[in-house]
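J.: Once you've had a glance at the structure underneath, I'll fire off some questions.
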Amino acid sequence: MSAAGVRVAARVAVGLRAERRTVLVCSVLVALMLGLGLLGLCYGASWASPGKVLAVLAGSEHSVVIRDWRLPRVTAGLVFGAALGVSGAVFQNLTRNPLGSPDVIGLDAGAYTGALVALTVLSGTSAQLAGASVLGGLLVSAVVYLLSADRGFSGLRLVVIGIAVNAMVTALNSWIVLRAELEVAIAAVGWSAGSLNGVDWADLWVPFWVIGVLLALAAVRSRAMHQTLLGDALAVTTGVSLNRLRLLMVLVGVGCTATVTAVAGPIAFIALAAPQIGRRLAGAPGIPLLPAALAGAVLLQGADLIAQMLLAPVALPVGVVSTAIGGCYLIWLLTKEVGRA
Amino acid sequence: MTVADRVAEVTRGGRETPRVALLLGGLVLLAVTAVLSVGVGAHAVPPTEVVRALFDPRGTDDHVIVRDVRLPRALLAVAVGAALAAAGALIQTLARNPLAEPGVLGVTAGAGFAVTVGSALGLAGAQTGQLVFAVAGSVLAALLVMAVGRRSPLRLVLTGVALTAVLNGIALGLRLMLPDTFDAYRFWSVGTLAGREQAPLAVPLTAIVLSLAGALLLSRPLNALALGESVAQTLGAGVARTRTAALVLITVLSGAATAVAGPILFVGLIVPHLVRRIAAGSVPWLLLYSMVLGPVLLLAADIGSRVLLPTGEVPVAIVTAFLGGPALIWAVRRYGAGSL
Amino acid sequence: MSARLTAREITLRYGDRVVSTRLSLDVPDGAFTAVVGPNACGKSTLLRAFVRLLRPDDGRVELDGREVGGYPSKALAKQLGFLPQDPVSPDDIKVRQLVARGRFPHQSLLTVWSAGEEDAVEEAMDAAGVSGLAGRPVRELSGGQRQRVWIAMVLAQRTPYLLLDEPTSFLDITHQYQLLALLARLRDQGRTVVAVLHDINQACRFADHLVAMRDGRVVAEGKPADIVDAALMKDVFDLPSVIVPDPVTGTPMVVPTLQGE
């Protein structure tokens, strides 16, 4: 090998070393994800040994409970978690704000309004809940986006207008809850916590496809997305078509969250916490997508397990747990940093 | 839309418009809304009667309603509005973040959590019980957030968000399992002034008044702090001391307001936003304007809450959101999301 | 003098404020052009219009006869490199990673990080003198080091044009001269350099072509030795001065006669 070749190889090696931590962190997260997934398949009203679970997965044994009850739930936990993590990362990159998440543009609040209407005015079947919540969420986010999008774009303006619209929609929601019958109100609040209880394969095929396409889009555009962290001016002069990219980012973020919400209700906090957790673990610049997705999957699947175990046999909505542990984790990370500083 | 008109007028006038005159204008506006608020309701009292009831009470039905029901409620609105707006101005200055509102210290979530736990234990049935639990919860939550996040503004905000999430998550879980607690909570959780004037208010109101005075005293060091820590240091402002004092004031102001009226989320965010352009970077003016406009917003919302529906009252927190939301959107679209 | 990059009668506006009306300017190929003028005279605005960050209300900004707004994003980014006044760096980014961001227009979806890319980054860091900092977090650098890292990022873009908005602010005097010398070297290698500069004497010393602006208009342009005189300084900066030859280079040197009265 020539001297120049050696030098290049050495440089590439240096470049790789800088990313070694990211690779390591991602591998650990994947392992954790698989472990939690396996645990989710084993755990239930009756414990199944990991060996049996693997046999069922390989097709050499048959179990309706594992294949048709537990597997869809576990898969949903992982895929939805990843979707929420990516959606949060996309929004935090877009708004350049660690508090950016799809709820910022009113998605969750709007979805809740839709669900409330489905429950109080319509009969509240699960199809109505899914349809109305997606519709409500998309409608409110479209309003926020349109209000903030004219005459150039500013992440901060999007956030502020999102907060304003959110506050109004939330006020409307709490008023509907206030006026509703207690039963209906409890059902609505239960939905709004977000839950994976009782999902089955029939509910999942379409959402999985949608999420798959959106995640692929996000992956393809991730380099341009990270380029925008240099500021609008440099992003444009290094060749990013900002307006198109932004629209796409909003579509991916909103699409992922809306899809998850339609099936499971608004599962709070994963979109907010997973990107920050992933970023801090990986020590990478900006908010990388892969660690965010993996952290989201681990977080949601872990939360769902805890939600099933905590007060068994009562199954808590996973949103209650995801919110609580996501928050704890963030506090813990921050305390660690305070100790180090 | 009075707020919008005022802001527009000020910006037309440019910087020369004397800020004192504007403050006086604001006070007049406050007086007018206050009188209106005392007069309007299921039983309307004409403004002349209102004034007479205040200065020359005769014991007629009108006068009794004004003095025993409407006046305390209006005072409550003024105190709560001023407290929330001032707390918002303080936290936005301190966090150097125009999006901060008192809730980021975990105050609201702490109060909500404590009220949930209180009613789950059967101790927060009456208003007094709720009030005590709400105060305790908000103060504890804020102390925790400050302990973890006091080093940097960003960390403070993140800690507050995280703690808010934890408390909301646990409280929601509790409420979902205990329908009675849920029922009590849903009525507390939408901030309102209706009927709250009957609770023992002397202590929280005194706390609010003292803290407002404290905030004004603190506004000069805060002015220095707004220029950044090192500049503040060289100007002789004790950075750590100022910051701690401001955090304590924010906690007391928003904690007391939340305790007496329930969560009213929007005042602390929107009011400092609307007056920031007039205050033009001066923290004392920002606080003064906030203390005047906050009550105006809450009084107006409270009037709205009584007249909007023929069938009953709309909680004031909801009206506030629908008054403040459009105002905020308008301001952001007109002037950009300018920072402090 | 030929010019591939030109502004033709452009009207520029920020919100409601009109900055320039019917302004025309040719950027001479292969030269170092310095734009000078008092604060808020529209220098930066003009630069932003050249790199299509600001679309003119009227008139055209053209590169090779084609409106810059009509180029595909990456195609234009391979021609015009720009360094804004206050670029923001992502949290926790390291010097090498930041410089590598300048390669964006040369990468497509399927581009894997290659030795060629690596060379462009190394070369840019060498030229800007930041190779020794490659592994350091940008946030920990001094203002001068950081500015050179940003220059390296723009160099990694490998564009024939470099437009820089006040690249010497925040630098100490040595670093200012080193940076200007670097720009002059780049010009010698065939690139076209346009820089908004604050210091008129530095502009006279390093630039081939000087553009003096005031109130959104070009007051004078040409070789510094041809256009800089006391009258121009009065016109542009309202500054009474005498012009003497720079003792080192012989280029015009402005010495203000204003004293502390």
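Each residue, glycine too, has its Cβ placed from N, Cα and C.
In case it's useful when we look at the structure, here is the feature table from TrEMBL:
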- A:21-46: transmembrane segment (TRANSMEM)
- A:74-92: transmembrane segment (TRANSMEM)
- A:104-123: transmembrane segment (TRANSMEM)
- A:129-147: transmembrane segment (TRANSMEM)
- A:159-178: transmembrane segment (TRANSMEM)
- A:204-220: transmembrane segment (TRANSMEM)
- A:247-274: transmembrane segment (TRANSMEM)
- A:286-307: transmembrane segment (TRANSMEM)
- A:314-335: transmembrane segment (TRANSMEM)
J.: Using Cβ atoms only, state whether the transmembrane segment (A:247-274) and the transmembrane segment (A:159-178) have three or more pairs under 8 Å that are 6 or more apart in sequence.
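T.: They do not touch: fewer than three Cβ pairs between the two stretches lie under 8 Å.
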J.: Any contact between the transmembrane segment (A:159-178) and the transmembrane segment (A:286-307)? By contact I mean 3+ C-beta pairs closer than 8 Å, pairs at least 6 apart along the chain.
T.: no
J.: Six or more residues out from either end of the transmembrane segment (A:204-220), which same-chain residues have a Cβ under 8 Å from its Cβ atoms?
T.: 72, 75-76, 79-80, 82-83, 86, 90, 248-249, 251-252, 255-256, 259-260, 262-263, 289, 293
J.: Grab the same-chain neighbours of the transmembrane segment (A:286-307) for me: Cβ-Cβ under 8 Å, and only residues 6 or more beyond its ends, written as numbers and ranges.
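T.: For the transmembrane segment (A:286-307), the nonlocal Cβ contacts are 22, 25-26, 29-30, 32-33, 36-37, 39-40, 43, 73-74, 77-86, 88-90, 92-93, 195-196, 215, 218-219, 222, 225-226, 229, 267, 270-271, 273-279, 315-318, 320-322, 325-326, 329.
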J.: State the residues, same chain only, that lie 6 or more residues beyond the ends of the transmembrane segment (A:129-147) and have a CB under 8 A from a CB inside it; answer 'none' if no residue qualifies.
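T.: Apart from its flanks, the transmembrane segment (A:129-147) reaches 102, 105-115, 117-119, 122, 158, 161-162, 165, 169, 191, 250, 254, 257-259, 261-263, 265.
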